[in-house]
Each structure stands twice: as C-alpha cells, then as structure tokens.
Amino acid sequence: MELSKESEDFIGRLQVYLMASGKKEKEIEEITEELKDHLHEAERRGKGIEDVVGNSPKEYMEQFSQEMPLDKGMIFKVIPLIYIGALAYLLIGEIMDGGVEFSLLEAVGYPVIFLFIIGIYSFGLRYISSSRPARWKEWLIYGIAGFAPMGSFVALVFFNNQFSTPTVEFGTAGNVLTFLFAAAVFIGMALWSKLWAPIIIPVLLFVPEYLIGLTELSTSTKLILTSSFILIGPLVYFLILFKKENKSST
Amino acid sequence: MSSSQLLKGILEGCLLSIISQGETYGYEMIEKLNQHGFTMVKEGSIYPLLLRMKKEGWVETSQKQLPSGGPKRKYYKLTEQGEVELEEFKKRWDTISSSVERLLDKEG
C-alpha cells in the first residue's frame, strides 16, 4: 500500500530538516522508516497525517532533533574535507594566475565565507522544510542562498582592493609545493569517492587556460577562448556522464 | 515545569510499563495507550520519547520482517536498566498520585 501524498511529503521534509540539522544519516533513515510504518497503519484505519503529527509539524520535527545527537563524524570530517577541496581549486587558480598570492584579509575571509555559506544553507533548508513558508518566501530564500556565495566573494575582492593588509607571495618552491598539494587533494578525493570527476574537472578547468596562456594570441582572444573552454569542457563531461548513466539504468 | 513536560515524564513511565508486558512496536503502543484513555496523546509524540528512552539505555530495538512482507518493523524490548527505571517510576507515581488525591479530598 502506498502512503498518501501528505504523508510522503511530511516524511520528505522531516528528512531534509534532520539532515540540515547535521544528524546521522543512518538514524534519520531508521526514524523515517518507523514513522512510515506507523503512517501505513494509521492510514489503513482512515486516519491522516494530522492525527499522527499534530497541528505543528515544526514543533514535532524539533522534538526529534532534540533527541538526536549531532553527527560529529560529518561535521569534523566531511566539512573540513569539502573545505580542503575548495581550497585546492582556489590555489590552483592562483598558480595559473602567475603564482599564489594572498592577503591577510583573504586568508581570514575565505574560511569565514565558507562557514557563513554552510550556515545559510543549514538555516534555509531547516526553515523551508519545517515552516512551509509561502511560495515567494521560499523563492526568496533560494535566491539568497544562490546569491550568497558569489556576493560574498565579490565583496571580499572589493574590500581586498580597498584595504591593504599584509600580503604573502609564494616563491617558485612554494608554488610547486602548493601545486603538488592541490594535485594530491584531487587524487585523494578521486580515490576516496571512487570517481574520476575530482581529477577530470580541474583538468578541464585549468589545462586549457594554461595551454592558451602559452600561445601568442592576443589577450582578448585568450580571454574568450579560456572562458569558452571553462564553460564547454565541464558541460561536455557532464553530458557524457549523463548519457552513460541513462544507458546503464535502462 | 510546563504541563507538556509533566505529561512527557508520565508518558515515558507508561511506555515502560507497556513494553514490560512483552516486545511491541509503535503503533501497538499507541493503541494500548488509547485503550487506557490516553486520547490526548498525539500518536507521533511517542517516537521522540522512544528515541530518548533508547538513548538512556532503557529499551532495546530490533528490526523484524513482517510475515505479510513489506517494510521491516521496529520492535522494542525492556533492558534490565529499563526494569529498574520502571520500578522507580512506579514509586514516584505512587507518591505523586496519593499526595494529589489526599489534597483534593481535603478540599472537597
């Protein structure tokens, strides 16, 4: 027997809420399976989701959340891993631009922005899943969440130009070491996720730029070529992946 | 203490008592509660409590395949610690309920 649409909807929102609150995936699954079993029994006797959950789904979700411990493994392992991955991209980009160079403001700013974005996403997802806001509010939150990363990076660049803070510039040895570090991160991510993407994506993003940089073309031609390769490369890669996926699933 | 917190504590004690009568699952517990007149309890509210009771080590759970097929069902069983907690609850409840009764008798 299938669950009613309202019940499925509630289960889905509970999952999002608990995940955005940093709870363990296995525990979330256990709880939702148990609730599904209960909803089956309740619906068979003609009861609805309100009889089970009560008038305030938000309160109910919070009750669960209070009793579940934070997934420390995720917070202290996965999030730093993502951060190191992002850092590797950033550093490779710097090397391509002629060497790693960063100011104190950037060194502090990037980690702060990273945590700020995680905070916004966690808050936004929990708010949308528990409070069921009006459509326009929901879209407003998506808009803010979508704009926040770009906006804060632009702000950082702006402030970095406005105020000069002490700057570190890597020499050749530093740049080579940084490059090796970034390459090791990409390879490590590929081995860990058993996917080629962490290696292929940076290659597609940075190798064309590097090769174009070696040519004698004019600056504007270089710029156009680089930006089109950066857009087209990953796009083609994802299309190929998508086709493969579709073939193997049918 | 808010009224819901008081009810929570009582509800936990009642769940311990129901589980002590033999291995059982969520929906069955709610049916038993309803049979005893606990109609003010929202069905879903027992699950966060059960989660807490498991964390405290009062109950154990196991997944069992139903003979009718379909998804597995989660069953609850009292641990030794749970038995102790149930006895504690009974004592606490006796004190509370007899005091309340005495008080109301005097008034009436």
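Yeah, the Cβs are placed from backbone N, Cα and C, and that goes for glycine too.
Positions annotated as transmembrane segment by TrEMBL: A:74-96 (among others). For the transmembrane segment (A:74-96), the residues of the chain that approach it from at least six positions outside its boundaries are 22, 24, 102, 110-111, 114, 118, 175, 178-179, 181-182, 185-186, 189, 198, 202, 205-206, 209-210, 213, judged by C-beta separation under 8 angstroms.
According to TrEMBL, the domain 'HAAS transmembrane region' annotation covers A:89-202.
TrEMBL lists A:108-128 (among others) with the feature transmembrane segment.
The transmembrane segment annotation in TrEMBL covers A:140-159 (among others). Sequence-distant contacts of the transmembrane segment (A:140-159) (same chain, six or more residues past either end, CB-CB distance under 8 Å): 105-106, 109-110, 113, 116-117, 120-121, 124, 127-128, 133.
Residues or ranges marked as transmembrane segment by TrEMBL: A:171-192 (among others).
Through the fold, the transmembrane segment (A:199-217) approaches residues 88-89, 92-93, 96, 182, 186-187, 190, 225-226, 229-230, 233-234, 237 of its own chain, all at least 6 residues removed from its boundaries and within a Cβ separation under 8 Å. Annotated transmembrane segment per TrEMBL: A:199-217 (among others), in sequence order.
Remote same-chain residues near the transmembrane segment (A:223-242) are listed as 197, 200-201, 204-205, 208-209, 212, 217 (criterion: CB distance under 8 Å, separation of at least six residues from the stretch ends). Look at TrEMBL and you will find A:223-242 (among others) tagged as transmembrane segment.
The domain 'HAAS transmembrane region' (A:89-202): residue composition by secondary structure is 92 helix, 6 strand, 16 coil, according to DSSP.
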